[in-house]
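Asker: Okay, here's the structure, questions in a sec.
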Amino acid sequence: MTGQERSEEKSECVSLSPMMEADPALPESERVCVFGTGDLGHSLGLRLLQAGYGVVFGSRRPHSSSRLPHGAQVLGHAAAAQSAHLIFIAVQREHYDFLVPLANQLKGKVLVDLSNNLRKNQYPEANAEYLQSLVPGAEVVKGFNTLSAWSLQNGPSDANRQVYICGESAEAKEAVIAVATKLGLSALDRGSISVARELEDFPLQLFPQWRLPLRIAIGLSAAFFFYLLIRYVIYAYVTQGKDISFRIMVSLANQVCPIVSLIMLSLCYLPGVLASFLQLYRGTKYRRFPNWLDRWMLCRKQLGLLSLGFAFLHVLYTLIIPIRYSVMFWVTEHTVSLIRENRTTMFDTTTAWHDDSYLSLGILGFGLYVLLGITSLPSVINSLSWREFSFVQSKLGHLTLLLCTAHTYLYGWNRFLSSSTYKWYTPPGYMLCLVLPSVVLLLKLLLITPCVDRTITRIRQGWERGADQRNPKDSQPLIP
(Lines of atoms letter the chains of each structure in order from A; the text may use other names.)
(Lines give C-alpha, C1' and ligand atoms only; values in the text may rest on other atoms or scores of the structure.)
Protein backbone atom coordinates (compact mmCIF):
# COMPACT_ATOMS: atom_id res chain seq x y z
CA MET A 1 0.00 0.00 0.00
CA THR A 2 1.42 3.41 -0.96
CA GLY A 3 1.68 6.33 1.43
CA GLN A 4 -0.98 8.19 -0.50
CA GLU A 5 -3.41 5.23 -0.21
CA ARG A 6 -2.71 4.97 3.54
CA SER A 7 -3.41 8.65 4.02
CA GLU A 8 -6.64 8.39 1.99
CA GLU A 9 -7.84 5.43 4.07
CA LYS A 10 -6.85 7.22 7.27
CA SER A 11 -8.60 10.42 6.30
CA GLU A 12 -11.64 8.38 5.22
CA CYS A 13 -11.85 6.71 8.63
CA VAL A 14 -11.18 9.87 10.60
CA SER A 15 -13.81 11.83 8.76
CA LEU A 16 -16.57 9.38 9.78
CA SER A 17 -19.11 10.66 12.24
CA PRO A 18 -19.71 8.69 15.47
CA MET A 19 -22.97 7.32 14.03
CA MET A 20 -21.00 5.65 11.22
CA GLU A 21 -18.56 3.81 13.42
CA ALA A 22 -18.99 0.08 14.04
CA ASP A 23 -21.17 -0.65 17.04
CA PRO A 24 -18.83 -2.08 19.73
CA ALA A 25 -21.74 -3.44 21.76
CA LEU A 26 -22.18 -6.44 19.45
CA PRO A 27 -19.59 -9.25 19.62
CA GLU A 28 -17.62 -9.88 16.45
CA SER A 29 -19.41 -13.18 15.88
CA GLU A 30 -22.75 -11.34 15.69
CA ARG A 31 -21.44 -8.69 13.31
CA VAL A 32 -20.89 -9.22 9.61
CA CYS A 33 -19.51 -7.02 6.89
CA VAL A 34 -20.80 -6.61 3.33
CA PHE A 35 -18.58 -5.19 0.60
CA GLY A 36 -20.91 -3.85 -2.06
CA THR A 37 -23.95 -1.58 -1.81
CA GLY A 38 -25.78 -2.66 -4.96
CA ASP A 39 -29.04 -4.59 -5.14
CA LEU A 40 -27.51 -7.87 -3.98
CA GLY A 41 -25.56 -6.28 -1.13
CA HIS A 42 -28.59 -4.24 -0.06
CA SER A 43 -30.89 -7.29 -0.01
CA LEU A 44 -28.33 -9.44 1.80
CA GLY A 45 -27.75 -6.76 4.41
CA LEU A 46 -31.49 -6.43 4.98
CA ARG A 47 -31.88 -10.18 5.55
CA LEU A 48 -28.92 -10.21 7.92
CA LEU A 49 -30.41 -7.35 9.92
CA GLN A 50 -33.74 -9.17 10.13
CA ALA A 51 -31.90 -12.25 11.41
CA GLY A 52 -30.37 -10.23 14.26
CA TYR A 53 -26.90 -9.57 12.92
CA GLY A 54 -25.14 -6.24 13.10
CA VAL A 55 -24.34 -5.25 9.53
CA VAL A 56 -21.48 -3.01 8.46
CA PHE A 57 -21.24 -2.04 4.80
CA GLY A 58 -17.90 -1.29 3.20
CA SER A 59 -18.11 1.35 0.51
CA ARG A 60 -15.81 3.52 -1.59
CA ARG A 61 -18.04 6.48 -0.79
CA PRO A 62 -19.48 5.88 2.67
CA HIS A 63 -20.91 9.40 3.00
CA SER A 64 -22.99 9.08 -0.20
CA SER A 65 -24.45 5.62 0.45
CA SER A 66 -28.07 6.49 1.21
CA ARG A 67 -29.87 3.41 -0.16
CA LEU A 68 -28.79 1.07 2.62
CA PRO A 69 -31.34 -0.59 4.95
CA HIS A 70 -32.20 1.14 8.18
CA GLY A 71 -30.02 0.01 11.08
CA ALA A 72 -26.93 -0.80 9.01
CA GLN A 73 -23.66 1.09 9.33
CA VAL A 74 -21.43 2.17 6.47
CA LEU A 75 -17.67 2.63 6.65
CA GLY A 76 -14.72 2.75 4.34
CA HIS A 77 -13.40 -0.59 3.16
CA ALA A 78 -10.47 -0.71 5.58
CA ALA A 79 -12.52 0.21 8.66
CA ALA A 80 -15.35 -2.12 7.67
CA ALA A 81 -12.93 -5.01 7.20
CA GLN A 82 -11.63 -4.57 10.76
CA SER A 83 -15.15 -4.54 12.24
CA ALA A 84 -16.14 -8.14 11.46
CA HIS A 85 -14.62 -11.58 10.97
CA LEU A 86 -17.05 -12.63 8.24
CA ILE A 87 -17.15 -10.49 5.09
CA PHE A 88 -19.49 -10.95 2.14
CA ILE A 89 -17.99 -9.83 -1.19
CA ALA A 90 -21.04 -8.68 -3.16
CA VAL A 91 -19.15 -7.11 -6.07
CA GLN A 92 -18.23 -8.39 -9.50
CA ARG A 93 -14.86 -9.92 -10.25
CA GLU A 94 -13.83 -6.91 -12.35
CA HIS A 95 -13.79 -4.78 -9.17
CA TYR A 96 -11.74 -7.11 -6.94
CA ASP A 97 -8.64 -4.92 -7.31
CA PHE A 98 -9.63 -2.75 -4.34
CA LEU A 99 -9.07 -5.77 -2.08
CA VAL A 100 -5.33 -5.98 -2.80
CA PRO A 101 -4.37 -2.93 -0.66
CA LEU A 102 -6.53 -4.40 2.15
CA ALA A 103 -4.54 -7.65 2.36
CA ASN A 104 -3.31 -6.91 5.89
CA GLN A 105 -6.78 -6.02 7.20
CA LEU A 106 -8.27 -9.14 5.57
CA LYS A 107 -5.68 -11.56 6.90
CA GLY A 108 -7.44 -14.35 8.79
CA LYS A 109 -10.90 -13.11 7.76
CA VAL A 110 -13.55 -15.26 6.09
CA LEU A 111 -14.44 -13.88 2.66
CA VAL A 112 -17.67 -15.16 1.11
CA ASP A 113 -17.61 -14.74 -2.67
CA LEU A 114 -21.10 -14.12 -4.09
CA SER A 115 -20.07 -13.29 -7.65
CA ASN A 116 -21.26 -14.93 -10.87
CA ASN A 117 -20.21 -14.62 -14.50
CA LEU A 118 -22.11 -13.75 -17.65
CA ARG A 119 -21.19 -17.00 -19.40
CA LYS A 120 -19.43 -20.28 -18.73
CA ASN A 121 -15.61 -20.39 -18.94
CA GLN A 122 -15.45 -16.62 -19.07
CA TYR A 123 -12.18 -16.66 -17.11
CA PRO A 124 -9.39 -19.24 -16.86
CA GLU A 125 -10.09 -19.82 -13.16
CA ALA A 126 -13.10 -19.55 -10.88
CA ASN A 127 -13.86 -16.18 -9.31
CA ALA A 128 -13.34 -17.60 -5.83
CA GLU A 129 -9.92 -18.99 -6.79
CA TYR A 130 -8.96 -15.63 -8.26
CA LEU A 131 -10.11 -13.91 -5.06
CA GLN A 132 -8.01 -16.31 -2.99
CA SER A 133 -4.94 -15.47 -5.11
CA LEU A 134 -5.49 -11.74 -4.51
CA VAL A 135 -5.88 -12.14 -0.73
CA PRO A 136 -3.86 -15.26 0.17
CA GLY A 137 -4.07 -14.57 3.91
CA ALA A 138 -7.88 -14.77 3.98
CA GLU A 139 -10.12 -17.85 3.99
CA VAL A 140 -12.27 -17.67 0.85
CA VAL A 141 -15.61 -19.50 0.75
CA LYS A 142 -17.79 -19.62 -2.34
CA GLY A 143 -21.47 -19.41 -1.49
CA PHE A 144 -24.84 -17.63 -1.72
CA ASN A 145 -24.26 -17.05 -5.45
CA THR A 146 -27.35 -19.07 -6.41
CA LEU A 147 -29.64 -16.58 -4.63
CA SER A 148 -30.96 -13.48 -6.35
CA ALA A 149 -31.47 -10.11 -4.74
CA TRP A 150 -35.24 -10.60 -5.09
CA SER A 151 -35.27 -13.94 -3.25
CA LEU A 152 -33.08 -12.54 -0.47
CA GLN A 153 -35.29 -9.53 0.03
CA ASN A 154 -38.61 -11.40 -0.12
CA GLY A 155 -37.53 -14.54 1.71
CA PRO A 156 -36.51 -17.82 0.11
CA SER A 157 -39.21 -20.14 -1.19
CA ASP A 158 -39.04 -23.89 -1.05
CA ALA A 159 -37.52 -23.95 -4.51
CA ASN A 160 -34.47 -21.78 -3.69
CA ARG A 161 -33.95 -22.42 0.02
CA GLN A 162 -30.80 -24.46 -0.57
CA VAL A 163 -27.43 -22.80 -1.06
CA TYR A 164 -24.14 -24.43 -1.95
CA ILE A 165 -20.76 -23.55 -0.46
CA CYS A 166 -17.19 -24.69 -0.97
CA GLY A 167 -13.81 -23.71 0.43
CA GLU A 168 -10.58 -25.04 1.87
CA SER A 169 -11.10 -24.15 5.55
CA ALA A 170 -13.59 -26.28 7.49
CA GLU A 171 -13.93 -23.62 10.18
CA ALA A 172 -14.65 -20.93 7.61
CA LYS A 173 -17.32 -23.06 5.99
CA GLU A 174 -18.90 -23.78 9.37
CA ALA A 175 -19.14 -20.05 10.03
CA VAL A 176 -20.87 -19.49 6.67
CA ILE A 177 -23.22 -22.43 7.26
CA ALA A 178 -24.17 -20.97 10.64
CA VAL A 179 -25.13 -17.67 9.00
CA ALA A 180 -27.08 -19.45 6.26
CA THR A 181 -28.99 -21.49 8.83
CA LYS A 182 -29.90 -18.37 10.79
CA LEU A 183 -31.21 -16.84 7.57
CA GLY A 184 -33.54 -19.81 7.08
CA LEU A 185 -31.44 -21.37 4.33
CA SER A 186 -30.16 -24.92 3.94
CA ALA A 187 -26.43 -24.93 3.17
CA LEU A 188 -24.76 -27.87 1.46
CA ASP A 189 -20.97 -28.24 1.61
CA ARG A 190 -19.71 -29.25 -1.84
CA GLY A 191 -16.04 -29.60 -0.85
CA SER A 192 -12.89 -27.66 -1.65
CA ILE A 193 -12.60 -24.40 -3.52
CA SER A 194 -11.85 -26.30 -6.73
CA VAL A 195 -15.62 -26.87 -6.98
CA ALA A 196 -16.21 -23.11 -7.19
CA ARG A 197 -16.39 -23.10 -10.99
CA GLU A 198 -19.20 -25.65 -10.86
CA LEU A 199 -21.10 -23.53 -8.33
CA GLU A 200 -20.61 -20.44 -10.49
CA ASP A 201 -22.09 -22.29 -13.47
CA PHE A 202 -25.32 -23.15 -11.61
CA PRO A 203 -27.00 -19.73 -12.11
CA LEU A 204 -26.08 -19.82 -15.82
CA GLN A 205 -28.11 -22.96 -16.46
CA LEU A 206 -31.32 -22.27 -18.36
CA PHE A 207 -33.98 -24.83 -17.38
CA PRO A 208 -31.52 -27.75 -17.38
CA GLN A 209 -34.14 -30.36 -16.48
CA TRP A 210 -36.63 -28.96 -18.99
CA ARG A 211 -34.45 -29.29 -22.07
CA LEU A 212 -35.24 -32.91 -22.90
CA PRO A 213 -39.01 -32.60 -22.21
CA LEU A 214 -39.18 -29.39 -24.25
CA ARG A 215 -37.37 -31.02 -27.16
CA ILE A 216 -39.77 -33.95 -27.03
CA ALA A 217 -42.78 -31.63 -26.89
CA ILE A 218 -41.57 -29.48 -29.78
CA GLY A 219 -40.62 -32.53 -31.85
CA LEU A 220 -43.98 -34.24 -31.32
CA SER A 221 -45.91 -31.03 -31.98
CA ALA A 222 -44.07 -30.35 -35.23
CA ALA A 223 -44.32 -33.96 -36.43
CA PHE A 224 -48.06 -34.29 -35.81
CA PHE A 225 -48.79 -30.79 -37.10
CA PHE A 226 -47.29 -31.53 -40.51
CA TYR A 227 -48.78 -35.03 -40.52
CA LEU A 228 -52.28 -33.67 -39.88
CA LEU A 229 -51.70 -30.79 -42.29
CA ILE A 230 -51.05 -33.30 -45.05
CA ARG A 231 -53.99 -35.56 -44.12
CA TYR A 232 -56.61 -32.83 -43.85
CA VAL A 233 -55.71 -29.55 -45.53
CA ILE A 234 -53.52 -30.75 -48.38
CA TYR A 235 -55.64 -33.88 -48.96
CA ALA A 236 -58.83 -31.80 -49.28
CA TYR A 237 -57.16 -29.41 -51.72
CA VAL A 238 -55.65 -32.15 -53.89
CA THR A 239 -58.60 -34.54 -54.05
CA GLN A 240 -61.58 -32.16 -53.79
CA GLY A 241 -60.18 -28.75 -54.69
CA LYS A 242 -61.36 -27.30 -51.34
CA ASP A 243 -59.41 -24.64 -49.48
CA ILE A 244 -59.82 -25.40 -45.77
CA SER A 245 -56.54 -23.79 -44.73
CA PHE A 246 -58.48 -21.68 -42.20
CA ARG A 247 -58.70 -24.81 -40.03
CA ILE A 248 -54.98 -24.67 -39.34
CA MET A 249 -55.34 -22.08 -36.58
CA VAL A 250 -57.93 -23.85 -34.39
CA SER A 251 -59.04 -27.23 -35.72
CA LEU A 252 -55.55 -28.50 -36.48
CA ALA A 253 -54.15 -27.09 -33.23
CA ASN A 254 -57.01 -28.68 -31.31
CA GLN A 255 -55.98 -32.06 -32.70
CA VAL A 256 -52.26 -31.64 -32.10
CA CYS A 257 -52.60 -30.58 -28.44
CA PRO A 258 -54.52 -33.64 -27.13
CA ILE A 259 -52.31 -36.00 -29.16
CA VAL A 260 -49.10 -34.56 -27.74
CA SER A 261 -50.62 -34.36 -24.25
CA LEU A 262 -51.58 -38.05 -24.20
CA ILE A 263 -48.21 -39.19 -25.58
CA MET A 264 -46.27 -37.11 -23.04
CA LEU A 265 -48.44 -38.38 -20.20
CA SER A 266 -47.57 -41.90 -21.36
CA LEU A 267 -43.89 -40.98 -21.48
CA CYS A 268 -44.23 -39.79 -17.89
CA TYR A 269 -45.22 -43.27 -16.66
CA LEU A 270 -43.40 -45.51 -19.16
CA PRO A 271 -39.93 -45.23 -17.49
CA GLY A 272 -41.33 -46.44 -14.16
CA VAL A 273 -42.83 -49.48 -15.90
CA LEU A 274 -39.57 -50.18 -17.73
CA ALA A 275 -37.62 -49.86 -14.47
CA SER A 276 -39.90 -52.43 -12.81
CA PHE A 277 -39.41 -54.93 -15.62
CA LEU A 278 -35.66 -54.30 -15.53
CA GLN A 279 -35.60 -55.08 -11.81
CA LEU A 280 -37.61 -58.23 -12.47
CA TYR A 281 -35.17 -59.30 -15.17
CA ARG A 282 -32.12 -58.63 -12.99
CA GLY A 283 -33.70 -59.95 -9.81
CA THR A 284 -32.23 -57.13 -7.71
CA LYS A 285 -32.63 -53.44 -6.97
CA TYR A 286 -28.93 -52.88 -6.25
CA ARG A 287 -27.80 -52.39 -9.84
CA ARG A 288 -27.94 -48.97 -11.44
CA PHE A 289 -30.36 -48.27 -14.23
CA PRO A 290 -28.89 -47.29 -17.62
CA ASN A 291 -28.00 -43.63 -17.91
CA TRP A 292 -30.74 -42.97 -20.46
CA LEU A 293 -33.36 -44.43 -18.12
CA ASP A 294 -31.99 -42.44 -15.16
CA ARG A 295 -32.19 -39.23 -17.13
CA TRP A 296 -35.68 -40.10 -18.34
CA MET A 297 -36.95 -40.77 -14.82
CA LEU A 298 -35.48 -37.51 -13.53
CA CYS A 299 -37.51 -35.44 -16.00
CA ARG A 300 -40.88 -37.14 -15.41
CA LYS A 301 -42.21 -34.13 -13.50
CA GLN A 302 -41.41 -31.82 -16.40
CA LEU A 303 -42.99 -34.23 -18.88
CA GLY A 304 -46.15 -34.31 -16.78
CA LEU A 305 -46.38 -30.54 -16.45
CA LEU A 306 -45.91 -30.03 -20.19
CA SER A 307 -48.55 -32.68 -20.78
CA LEU A 308 -50.90 -30.75 -18.49
CA GLY A 309 -50.15 -27.57 -20.44
CA PHE A 310 -51.16 -29.19 -23.74
CA ALA A 311 -54.31 -30.53 -22.07
CA PHE A 312 -55.19 -26.99 -20.96
CA LEU A 313 -54.77 -25.75 -24.52
CA HIS A 314 -57.02 -28.54 -25.77
CA VAL A 315 -59.73 -27.51 -23.30
CA LEU A 316 -59.48 -23.85 -24.30
CA TYR A 317 -59.59 -24.65 -28.02
CA THR A 318 -62.63 -26.87 -27.43
CA LEU A 319 -64.48 -24.17 -25.49
CA ILE A 320 -64.22 -21.66 -28.38
CA ILE A 321 -65.61 -24.08 -30.98
CA PRO A 322 -69.23 -22.78 -30.75
CA ILE A 323 -68.19 -19.15 -31.38
CA ARG A 324 -66.05 -19.83 -34.46
CA TYR A 325 -67.38 -18.28 -37.67
CA SER A 326 -67.07 -21.48 -39.69
CA VAL A 327 -69.02 -23.47 -37.09
CA MET A 328 -71.78 -20.87 -36.73
CA PHE A 329 -72.03 -20.64 -40.52
CA TRP A 330 -72.32 -24.41 -40.90
CA VAL A 331 -74.96 -24.71 -38.15
CA THR A 332 -77.02 -21.88 -39.65
CA GLU A 333 -76.73 -23.28 -43.18
CA HIS A 334 -77.70 -26.77 -42.03
CA THR A 335 -80.72 -25.49 -40.08
CA VAL A 336 -81.94 -23.38 -43.01
CA SER A 337 -81.59 -26.31 -45.41
CA LEU A 338 -83.67 -28.53 -43.13
CA ILE A 339 -86.39 -25.90 -42.96
CA ARG A 340 -86.42 -25.40 -46.74
CA GLU A 341 -86.64 -29.11 -47.39
CA ASN A 342 -89.13 -29.61 -44.53
CA ARG A 343 -87.00 -32.39 -43.09
CA THR A 344 -86.44 -33.48 -39.51
CA THR A 345 -83.83 -35.67 -37.87
CA MET A 346 -84.58 -38.40 -35.37
CA PHE A 347 -82.98 -38.41 -31.92
CA ASP A 348 -80.28 -41.11 -31.75
CA THR A 349 -79.90 -42.52 -28.21
CA THR A 350 -76.71 -44.37 -29.13
CA THR A 351 -75.06 -41.20 -30.36
CA ALA A 352 -76.20 -39.36 -27.23
CA TRP A 353 -74.66 -42.06 -25.02
CA HIS A 354 -71.46 -41.91 -27.03
CA ASP A 355 -71.13 -38.14 -26.85
CA ASP A 356 -71.94 -37.92 -23.15
CA SER A 357 -69.56 -40.75 -22.26
CA TYR A 358 -66.81 -39.27 -24.38
CA LEU A 359 -67.19 -35.83 -22.80
CA SER A 360 -67.57 -37.20 -19.27
CA LEU A 361 -64.36 -39.23 -19.48
CA GLY A 362 -62.54 -36.19 -20.85
CA ILE A 363 -63.73 -34.00 -17.98
CA LEU A 364 -62.80 -36.60 -15.35
CA GLY A 365 -59.40 -37.13 -16.94
CA PHE A 366 -58.70 -33.40 -17.07
CA GLY A 367 -59.77 -33.01 -13.44
CA LEU A 368 -57.26 -35.64 -12.35
CA TYR A 369 -54.71 -34.00 -14.64
CA VAL A 370 -55.08 -30.77 -12.69
CA LEU A 371 -54.84 -32.64 -9.38
CA LEU A 372 -51.55 -34.21 -10.49
CA GLY A 373 -50.24 -30.79 -11.46
CA ILE A 374 -51.19 -29.27 -8.10
CA THR A 375 -49.45 -32.06 -6.15
CA SER A 376 -46.28 -31.35 -8.15
CA LEU A 377 -45.94 -27.93 -6.51
CA PRO A 378 -43.15 -27.85 -3.88
CA SER A 379 -45.43 -26.33 -1.23
CA VAL A 380 -47.97 -29.15 -1.72
CA ILE A 381 -45.32 -31.87 -1.85
CA ASN A 382 -43.94 -30.75 1.52
CA SER A 383 -47.37 -31.15 3.12
CA LEU A 384 -47.86 -34.74 1.89
CA SER A 385 -46.47 -37.92 3.35
CA TRP A 386 -44.59 -40.24 1.03
CA ARG A 387 -47.55 -42.64 0.91
CA GLU A 388 -49.94 -39.83 0.00
CA PHE A 389 -47.62 -38.47 -2.67
CA SER A 390 -47.07 -41.95 -4.10
CA PHE A 391 -50.82 -42.63 -4.16
CA VAL A 392 -51.57 -39.42 -6.06
CA GLN A 393 -48.69 -39.53 -8.52
CA SER A 394 -48.73 -43.27 -9.19
CA LYS A 395 -52.22 -44.69 -8.73
CA LEU A 396 -54.19 -41.58 -9.64
CA GLY A 397 -51.66 -40.89 -12.38
CA HIS A 398 -52.30 -44.24 -14.05
CA LEU A 399 -56.04 -43.69 -13.58
CA THR A 400 -55.66 -40.36 -15.38
CA LEU A 401 -53.87 -42.11 -18.23
CA LEU A 402 -56.64 -44.74 -18.37
CA LEU A 403 -59.43 -42.13 -18.48
CA CYS A 404 -57.69 -40.03 -21.15
CA THR A 405 -56.98 -43.13 -23.24
CA ALA A 406 -60.61 -44.24 -22.96
CA HIS A 407 -61.67 -40.69 -23.89
CA THR A 408 -59.63 -40.99 -27.09
CA TYR A 409 -60.95 -44.46 -27.90
CA LEU A 410 -64.51 -43.16 -27.59
CA TYR A 411 -63.58 -40.25 -29.85
CA GLY A 412 -62.69 -42.77 -32.55
CA TRP A 413 -65.82 -44.86 -31.78
CA ASN A 414 -66.87 -46.64 -35.00
CA ARG A 415 -64.41 -44.89 -37.29
CA PHE A 416 -61.57 -47.30 -36.60
CA LEU A 417 -62.82 -49.77 -39.22
CA SER A 418 -64.12 -47.21 -41.73
CA SER A 419 -62.06 -47.04 -44.93
CA SER A 420 -62.84 -43.33 -45.36
CA THR A 421 -60.91 -42.65 -42.15
CA TYR A 422 -57.61 -43.68 -43.74
CA LYS A 423 -56.90 -40.83 -46.11
CA TRP A 424 -54.06 -41.68 -48.46
CA TYR A 425 -53.91 -44.99 -46.54
CA THR A 426 -52.67 -43.21 -43.41
CA PRO A 427 -54.31 -43.57 -39.98
CA PRO A 428 -55.64 -40.45 -38.23
CA GLY A 429 -53.51 -38.83 -35.56
CA TYR A 430 -55.64 -39.98 -32.64
CA MET A 431 -55.07 -43.61 -33.65
CA LEU A 432 -51.31 -43.14 -33.66
CA CYS A 433 -51.35 -41.48 -30.24
CA LEU A 434 -53.23 -44.43 -28.73
CA VAL A 435 -50.37 -46.87 -29.34
CA LEU A 436 -48.06 -45.72 -26.53
CA PRO A 437 -50.66 -45.26 -23.73
CA SER A 438 -52.20 -48.63 -24.60
CA VAL A 439 -48.79 -50.29 -24.28
CA VAL A 440 -48.11 -48.55 -20.96
CA LEU A 441 -51.48 -49.61 -19.53
CA LEU A 442 -51.03 -53.22 -20.67
CA LEU A 443 -47.55 -53.40 -19.12
CA LYS A 444 -48.86 -51.84 -15.90
CA LEU A 445 -51.67 -54.40 -15.86
CA LEU A 446 -49.05 -57.16 -15.98
CA LEU A 447 -47.12 -55.57 -13.12
CA ILE A 448 -50.10 -55.39 -10.78
CA THR A 449 -51.01 -59.06 -11.18
CA PRO A 450 -50.49 -60.75 -7.80
CA CYS A 451 -47.61 -63.02 -8.76
CA VAL A 452 -45.59 -60.26 -10.45
CA ASP A 453 -46.43 -57.61 -7.86
CA ARG A 454 -45.34 -59.91 -5.04
CA THR A 455 -41.94 -60.47 -6.65
CA ILE A 456 -41.37 -56.77 -7.33
CA THR A 457 -42.28 -55.92 -3.73
CA ARG A 458 -39.75 -58.43 -2.44
CA ILE A 459 -37.05 -57.06 -4.73
CA ARG A 460 -37.70 -53.49 -3.59
CA GLN A 461 -37.43 -54.61 0.02
CA GLY A 462 -33.94 -55.99 -0.59
CA TRP A 463 -34.50 -59.57 -1.78
CA GLU A 464 -32.18 -60.76 -4.56
CA ARG A 465 -32.63 -63.69 -6.89
CA GLY A 466 -30.09 -66.38 -6.06
CA ALA A 467 -29.42 -64.99 -2.59
CA ASP A 468 -31.29 -67.91 -0.99
CA GLN A 469 -28.70 -70.37 -2.30
CA ARG A 470 -25.78 -68.18 -1.25
CA ASN A 471 -27.15 -67.58 2.26
CA PRO A 472 -29.64 -70.18 3.55
CA LYS A 473 -30.51 -67.92 6.51
CA ASP A 474 -32.13 -65.51 4.11
CA SER A 475 -34.33 -68.13 2.51
CA GLN A 476 -37.44 -66.94 4.33
CA PRO A 477 -39.56 -64.67 2.13
CA LEU A 478 -39.79 -61.04 3.15
CA ILE A 479 -43.53 -60.97 2.56
CA PRO A 480 -45.86 -63.74 3.72
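Just so it is clear, glycine is given a Cβ too, placed from its N, Cα and C backbone atoms.
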Asker: Would you please say which range out of 73-91, 396-414 has the annotation transmembrane segment in TrEMBL?
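Answerer: Spelled out, TrEMBL records transmembrane segment over residues 396-414, not the other listed ranges.
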Asker: With CB pairs under 8 Å as the measure, which of the listed stretches 216-238, 302-323, 358-384, 396-414, 429-452 comes out on top against the transmembrane segment (258-281)?
Answerer: 429-452
Asker: Do the transmembrane segment (216-238) and the transmembrane segment (429-452) share at least 3 Cβ pairs closer than 8 Å, excluding pairs fewer than 6 residues apart in sequence?
Answerer: yes
Asker: What stretch in 358-384, 396-414, 429-452 has the biggest tally of Cβ pairs under 8 Å against the transmembrane segment (302-323)?
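Answerer: That would be 358-384.
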Asker: Report, as numbers and ranges, every residue of the chain located at least six residues beyond the transmembrane segment (358-384) whose Cβ falls under 8 Å of a Cβ in that stretch; write 'none' if there are none.
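Answerer: For the transmembrane segment (358-384), the nonlocal Cβ contacts are 157-159, 265, 301, 304-305, 307-308, 311, 315, 392-393, 396-397, 399-400, 403-404, 406-407, 410-411, 413.
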Asker: For the domain 'Ferric oxidoreductase' (259-403), what's the model's average pLDDT?
Answerer: 92
Asker: Per DSSP, what is the residue tally for the domain 'Pyrroline-5-carboxylate reductase catalytic N-terminal' (31-116) in helix, strand and coil?
Answerer: 32 helix, 21 strand, 33 coil
Asker: Count up the helix, strand and coil residues in the domain 'Ferric oxidoreductase' (259-403) according to DSSP, in that order.
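Answerer: Going by DSSP assignments, the domain 'Ferric oxidoreductase' (259-403) contains 120 helix, 0 strand, 25 coil.
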